[in-house]
Amino acid sequence: MTGDIETKECQLKDPMDLFHSGQVVKICAPMVRYSKLAFRTLVRKYSCDLCYTPMIVAADFVRSAKARDSEFTTNKGDHPLIVQFAAKEAQVLCDAARIICPFADGIDLNCGCPQRWAMAEGYGACLINKPELVQDMVRHVRNQIDKPRFSVSIKIRIHEDLKRTVDLCQKAEATGVSWITVHGRSVEERHQPVHYDAIKIIKQSMSIPVVANGDIKTLRDAEKVHHLTGADGVMVARGLLANPAMFAGYEETPLKCIQDWVDIALELGTPFTCFHHHLMYMMERITSKQEKKVFNVLSSTSAVLDYLNDYYGL
């Protein structure tokens, strides 16, 4: 589960320290398939403060050692780290939190995933309509994990009626949630503009940190959203996929970052499809249509390395 490390080597950190630093906390979002150890290692080199794992189904994680080994790897540089779980039962979430506790700095309960399968299973965004269940899950983890510096956060979407969202957030806060990440869209909304005004209202109703999420593509966007919402942190998904050096102020992926990705991915044994997909995202803005046609159909690591060498001298 932990790559090549011993538990005692984990230098666990208190993520709350980041929120008390006076700076906007720069966060890599939980992304299916993508926010794994190699990518987290890369964005941490470029001013990312806090990273999330992809969402992991807590019940599978608790039940199966195989699921634990395939879903979660870390190492001693991978901190502060939040493990995001999909759960709908308090004790299952607790059991997952207990397993992960020695290796991570906190857990996050996914209350925002709008995918049909998640909603059908009772996970993700359907939880925003069950504030008492969310409270129950948070309370259980707080009561059973005997580690004060271990954070418990939630990530939500907003309701059409914002009063319901504020109510959910205040209930979660009362139960001991460390912070709340708000994706400023409703469950039905996909590519519509993000309601930053809603995030601002939620922030003003809370005394715990609030993180803004949705359509942040550049460091300038991040600063703008911070000013618009007053949020304590910004969480980025696609913007970081396209440019992992975004938080360090780069407008597009620098060649140095591509080289770093190659080095990290090869060192950690990243599967080819994942290795290649990340490069396709990173090079989206810096390659011509013709180059994409060639690069996107390469089918082996050696072919990719040859291409990068021939075209970019990497």
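From the backbone N, Cα and C atoms, a Cβ is placed for every residue, glycine too.
TrEMBL labels come from automatic prediction, so no person has curated them.
If you check TrEMBL, you get these features:
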{"type": "DOMAIN", "residues": "28-290", "note": "domain 'DUS-like FMN-binding'"}
{"type": "BINDING", "residues": "PRO30, MET31, VAL32, GLN84, HIS183, ALA237, ARG238", "note": "FMN binding site"}
{"type": "ACT_SITE", "residues": "CYS113", "note": "active site, proton donor"}
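For VAL32 (FMN binding site) paired with the residue listed as 'active site, proton donor', the C-alpha to C-alpha distance reads 11 Å. Annotation for the residue listed as 'active site, proton donor': spatial neighbours MET55, ALA86, MET119, TYR123, GLY124, ALA125, criterion Cβ-Cβ under 8 Å with sequence separation of six or more. In sequence order, GLY112, LYS155, ILE156, ARG157, ILE158, VAL194, ASN213, GLY214 make up the list of same-chain residues 6 or more apart from HIS183 (FMN binding site) whose Cβ falls under 8 Å from its Cβ. Neighbours of ALA237 (FMN binding site), defined as other CB atoms within 10 A of its CB across all chains, total 21.
Long-range Cβ proximity for GLN84 (FMN binding site), meaning a same-chain Cβ under 8 A and a gap of 6 or more residues, is found for PRO30, TYR52, THR53, PRO54, MET55, ILE56, ILE107, ASP108, LEU109, ASN110, LYS155. Comparing the binding-site residues MET31, VAL32 by how many other C-beta atoms lie within 10 angstroms of each C-beta, the top residue is MET31. Across all of the domain 'DUS-like FMN-binding' (28-290), the predicted model scores a mean pLDDT of 97.
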